[in-house]
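Before any comments, here is the structure.
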Amino acid sequence: MSIRSPFVVVMGHVDVGKTLLLDKIRGTSVAYREPGMITQHIGVSFVPWQAVERFAGPLVDKLRLRGKIWIPGFLFIDTPGHAAFSNLRRRGGSVADLAILVVDITSGLEEQGVESLKLIQSRGVPFIIAANKLDRIYGWKSVENRPFLFAVEQQEWHAIATLEEAIGKLIDQLSRFGIEADRYDRVRDFSKQVPIVPTSAVTGEGIADLLLVLAGVSQRFIPREKLSVSYGPAKGVVMEVKEERGLGVVADVILYDGVLKKGDVIITAGIDGPKETKVRMLIMPKPLDEMRDPEDRYMAVEEVKAAAGVRIVADGLDGVVAGAPIFAVWDLQDIQKVVQLVREEISEIKIETDREGVIARADTFGTLESMVLFLRQQGVPIRRADVGPPTHKDVVEAVLSRRKNPTYGVILAFNVKIPPEVEREAMSSGIKIIRGEILYRIFDEYIKWSQEVKTKTIEQILSQMTKPGKIQILPGYVFRRSNPAIVGIKVLAGTIKPGVTLVKDGKEVGRIMQIQKSGKPINEAVVGDEVAISIHGDIIVGRQIREGDVLYVYVPDEQIRQWLFQYRQYLRDDELKALEEYLKLRKR
């Protein structure tokens, strides 16, 4: 077995310099390579350790790392961001071995940075933080490609003070997520603290430090067996499926183990389940030294060994979804076994149950897995989760789910378009569709919407329930003795409304027909109000009820239980007092 280079993903908020940082790292690799040393990949940039040593020589010596690094180098995923990270999935973990979370040192951790951080944590991937835009620290004196440890020694005190303040703010932000972090040269225990490396993607300062810290973290925290590559059928993950002129539909794949050969049978997965096909062509970029014509950048190869990024040309790749596993089969007797393996793997991501919960949709297996994981962590139950745009069935399932809980009548759509006919059907069925490209925004919108639904639902329930109330007939304010009786009253506790039934000593005396205040009808009267009420019932004031009598609002038994055990918080103190007194009277 040989040792492969670890896969590294760069993540972070928009405009923090992820792409520029990647470009700087790639440029470093090209500039300091030995002739013929750089192997080109599809979707991946290889940075050999020898190039890092050449670039960061003085810092390598200062940190005493020369001769101690056994990894061949790094394989940087060319596309930064959480979508690429999500698609680098494998059963039980991630194909990504390391992550760099890029943060703008001048503004700290931002929204998508938080999303990236939680995604990294959910997959258990070791990571370091690049505190980028070091060149924007007020008063900072930049020198191109200088290591940070050497640069900081040459700065004025006010620039260092500004830097320390920015790093301190970032450390505080990270602590809110349970992460202990510090500037990398101050970290005492890398198993407990996350290193922060100040960098500038513009000047190249700190890039050397970043690569050396990455090497140290990789050797310390990535199990050697995870980086061991066997000579056997290839194992990989689909990163992108697209149509290429002259080739048809192709799949860009990351191989993390084994060997893939032209003519191999491969098993992967689409929306409808496992797919079997045969490799017609394997395409790799030409070596840099041979790349003369920009239009002639690629070449066909007979085989590719992991770890690598390769483009596969094969029949039947349309419908294959990014994030799907891909396995080569050398012994044809193993095909059904591998098909079952793929089926089991995607069934762990896709969800179809009769339980209560929301409907989840995402564009790839990777993003769906991240979405499901995140929703479960937030305590949101899922009834159905699948890859691709929402369908008629999703709307039907959402309607069924809503019957059990109104907040589950929703489709959460991550990175997918909504077909117009599905949108119309959802609207007519009263099903909410929340679509977005940032998972946390979808979740936040769902929480906001579900709270509105809960509030509206509770308001509807409460509007149909009878609130407790206690009144006293005011002496000298009998305006009519019967048919209906009209009297002046004071609300001693609770609330009264037209339509409620009044009781005296546990016996019903009549129903309030109307409430008037200052000669005008009102919808309700609350504690402290003095109003006139008309009472419909077989009563005469002076017989069944008298001046000075205390009457209570009749509350049905089921509603009493609801008020006490479900909606107690919606009762005012005086309403609760009226209910408790009413219960005591009933027990006499």
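Cβ atoms here come from the backbone N, Cα and C positions, even for glycine.
Swiss-Prot lists region 'G4' for one of the ranges 132-135, 244-247, 584-587, namely 132-135.
Ranges compared are 27-31, 37-41, 347-351, 457-461, and Swiss-Prot records region 'G2' for 37-41.
Record note: among 12-19, 108-115, 188-195, 268-275, 12-19 is the stretch given as region 'G1' by Swiss-Prot. Per-residue confidence over the region 'G4' (132-135) averages out at a pLDDT of 95.
Within the same chain, residues at least six positions away from T79 (GTP binding site) with a Cβ under 8 Å of its Cβ are G43, M239. Annotation note: K18 (GTP binding site) sits in a helical segment as assigned by DSSP.
Residue counts of the region 'G4' (132-135) by helix, strand and coil are 2 helix, 1 strand, 1 coil (DSSP-based).
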